[in-house]
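If you check TrEMBL, you get these features:
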type	residues	note
MOD_RES	Lys58	N6-(pyridoxal phosphate)lysine
ACT_SITE	Lys58	active site, proton acceptor
BINDING	Arg157, Met336	substrate binding site
DOMAIN	267-395	domain 'Alanine racemase C-terminal'
ACT_SITE	Tyr288	active site, proton acceptor
Amino acid sequence: MSRYTGPERRSPSPDRRQPRIVEVRPTWAAIDASALAHNLRRVAAHVGPRCRVLAVVKADGYGHGAIDSARVFVEAGAWGLAVSLIEEGVELRQAGVRAPVLVLGGVHPGSEDVVVHGSLTPVVWAPQHLQLLAAAVRRSGAERLPIHIKIDTGMSRLGVLPPDLSALLDYYETHAASELHIEGVMTHLACADDPDDTSTSRTQLERFGACLAMLGERGIHPSIRHVCNSAGLVRFADAHLDMVRPGIAIYGAASSAAVELAGLRMGMSVHSRLLGIRELPAGARVSYGHRQTLARDTRLGILPVGYGDGYPRNMSGRAEVLIRGHRCPIVGNVTMDLSMVDVTDLPDAREGERVTLMGRQGRQAIDIYELADWAGVIPYEISCGISKRVPRHPQHPR
Ligand SMILES: *Cc1c(COP(=O)(O)O)cnc(C)c1O
């Protein structure tokens, strides 16, 4: 079985006033480090040796644990890491991660010294960002800080609009060129994950190309041009440029099966154990709201997992779990801490029985797409949503 190659779990320092919190609950998310490494290498092979891979580890590594995942990705060949928040970047630095860390979410007043101190690489798109960062570099006496300029080619979220790029560069050249170095230039595709839409992405790529040409005319040649997220790198081979920015792909999934890179492996599975089994007569009504009435005498397994763990309540009446390699339906409403599962057809099922909510048991598997479909959300929301109180363990800890 694969061992998690991440750091040892640091035991809390022996502070006598604070009793140590032990993890005894029988619900956990298993993180398969070898799958994460495999996925990173799979992306790298797909884009080829001249294209770098920036591993996106925002939102706690899409729920997989940012620090441990970051270490695995860098070890597997990622050039650097991307986070959304400065805080997420600082967390990586404090854990000793030394690879480049792009902060996608920008710089706001008051954060610029933290960025410089942490040697984070900010994504910028406004003169104010340049002003703040240049001042922070001057204050710290640090070397020129690499920055990446973001262009809004149609996502209408972050980035400088193409007509404003020239003014941004004017500001850079006059006020920030000795403190900041334009290492990268990037944009983000709005509809890459829609397999039926090509023209939106093509239009965005044309606009990006025009901006690159304009930079070139001004003698600015950023060494890292990057556009593609996971779906983009699958669909637009000519847009890989110098770097790709996969998130969901390196965790083993895609926004939908239609844009999935072949050969990925799921990085996370979610498991629990039955707290007990109740024998209930036909006609008994189950859980809050009594939304379900038992049609037969039923053995009802009590599962210590609920929406407080990120198991969406929306799935009530649709979800299934795996027990002894069989699919068993969730009965009634999912509650905050508990769910009920029909194990009548598994007469051997016992208290303590292993239950797989996402992942594989024998030949059966429940994948992230199925869960997302039951819950009416996108796959990203499933793994990001597995809450903090579900401990992350290396694959197959028990
Ligand atoms: C989150 C994010 C990504 C990664 O997206 P995936 O769809 O998970 O691959 C890439 N680029 C930017 C700017 C992002 O915000």
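Backbone N, Cα and C atoms are what each Cβ position is placed from, and that goes for glycine too.
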Mean per-residue pLDDT in the domain 'Alanine racemase C-terminal' (267-395) works out to 97
Can you grab the distance from Tyr288 (active site, proton acceptor) over to Met336 (substrate binding site)? Cα atoms, rounded to a whole Å. 11
Residues satisfying Cβ distance under 8 Å from Arg157 (substrate binding site), sequence separation of at least 6: His188
All chains considered, the count of other Cβ atoms within 10 Å of the Cβ of the residue listed as 'N6-(pyridoxal phosphate)lysine' is 19
Could you measure between Met336 (substrate binding site) and the residue listed as 'N6-(pyridoxal phosphate)lysine' for me? Cα positions, answer in whole angstrom. 26
